[in-house]
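Below: one structure, written as structure tokens.
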Ligand code: PSU
Ligand code: MN
């Protein structure tokens, strides 16, 4: 089910795709640029274990030495988690890394492209990229949003990262025709916290309902992706008031240092880690695990629907 490019899969992933069993794609930028070693490796392996415990198969996506992988074994994940100078690949540079024999980690955008090529319909991450604060002057809008508008993969996230401008991100998603579905609450979650003060455009409360919605979208034809915004569990959240103070400080440092382009998001996540004494990372890991669990259940509901 690949396009004209070869995708390296693990035997586990190949067998599940062949049998139409549930598979969940995972990105690798969160490993290489989103979290420090060795917590990043532990997170990646724990996410995979969570998906397997739900009866689905994990497929971590990355480019290694110019080859596109959907499914990495423990050794490959460990190597990637420690690798230095790994490229951060989005739609613009995925084919560049493949054509030049390079190693790169896939963002939400590049993971969606790859998952779709591999025939995987559901993808779990932490938080998508979006419209940055100050985008009216910087023009910094993540390619994740355009990808959601065009590529039919369900992305399960804890919303958009709270370092972003969430109202503008919701507007940009609406323009691109991307359904944004809050899971189990009316409010749009805000990554480290459950509340953003904004109501989500849509709400659904169970995986079967999400699968029915997706089936109807497919019948309409020409649909792109869908964003499931899954709030971080209450026990793990950092309340909005507390996290917002740190976000302001992190943004001020980034501006002072003139951080721009692809470096912005990794820099801000690193700043948040030190400003919160590691609490932001603990919450980030908890929300990714929570998203992986829901993604596996959605993949199972989609597979059951196809029977
Ligand atoms: N979710 C996380 N941590 C991350 C990311 C997502 O919990 O580091 C990554 C994703 O790969 C996403 C990227 O696509 O951050 C956004 O980068 P940018 O803002 O440069 O588009
Ligand atoms: Mn950007």
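Every residue number used here counts from 1 along the chain in the order it is shown.
The backbone N, Cα and C atoms fix where each Cβ goes, glycine too.
Taken from TrEMBL, the feature active site, proton donor covers 27. What TrEMBL records for 161 is active site, nucleophile. Marked as substrate binding site by TrEMBL: 88, 108, 142, 143, 144. Residues annotated as Mn(2+) binding site in TrEMBL: 140.
Structure coloured by features recorded in TrEMBL.
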residue	record	DSSP class
27	active site, proton donor	coil
88	substrate binding site	strand
108	substrate binding site	helix
140	Mn(2+) binding site	coil
161	active site, nucleophile	coil
Taking Cα atoms as reference points, rank the recorded positions 27, 140, 161 by distance from residue 88 (substrate binding site) and give the first.
27
Of all the Cα pairs drawn from 88, 108, 142, 143, 144, the residues the record ties to substrate, which distance is largest, in Å?
13
Would you count the other C-beta atoms found within 10 angstroms of the C-beta of the residue listed as 'active site, proton donor' for me?
29
Go through the recorded positions 27, 140, 142, 143, 144 and pull out the ones with a Cβ less than 6 angstroms from some atom of ligand 2.
140, 142
Going through the recorded positions 27, 108, 140, 144 in sequence order, which have a CB under 6 Å from an atom of ligand 1?
27, 108, 144
May I have the list of same-chain residues other than 88, 108, 142, 143, 144 whose Cβ is within 8 Å of the Cβ centroid of the recorded substrate site, in sequence order?
29, 90, 91, 107, 109, 110, 128, 129, 147
Give the residue from the binding-site residues 140, 144 that has the most other Cβ atoms within 10 Å of its Cβ, counting over every protein chain displayed.
144
Whole-number answer please: how many Å between the C-alpha atoms of residue 142 (substrate binding site) and residue 161 (active site, nucleophile)?
11
Nearest recorded site to residue 108 (substrate binding site) by CA-CA distance, among recorded positions 27, 140, 161:
27
From the Cα of residue 144 (substrate binding site) across to the Cα of residue 27 (active site, proton donor), what is the distance in angstrom?
12
Are there any residues at least 6 positions away along the chain from residue 143 (substrate binding site) with a Cβ closer than 8 Å to its Cβ? List them or say none.
90, 91, 92, 107, 109, 129
How big is the Cα-to-Cα gap, in Å, between residue 144 (substrate binding site) and residue 161 (active site, nucleophile)?
12
Among the recorded positions listed here (88, 161), identify the one with the smallest other-Cβ count within 10 Å.
88
Residue 140 (Mn(2+) binding site) and the residue listed as 'active site, nucleophile', Cα-Cα, nearest whole angstrom:
14
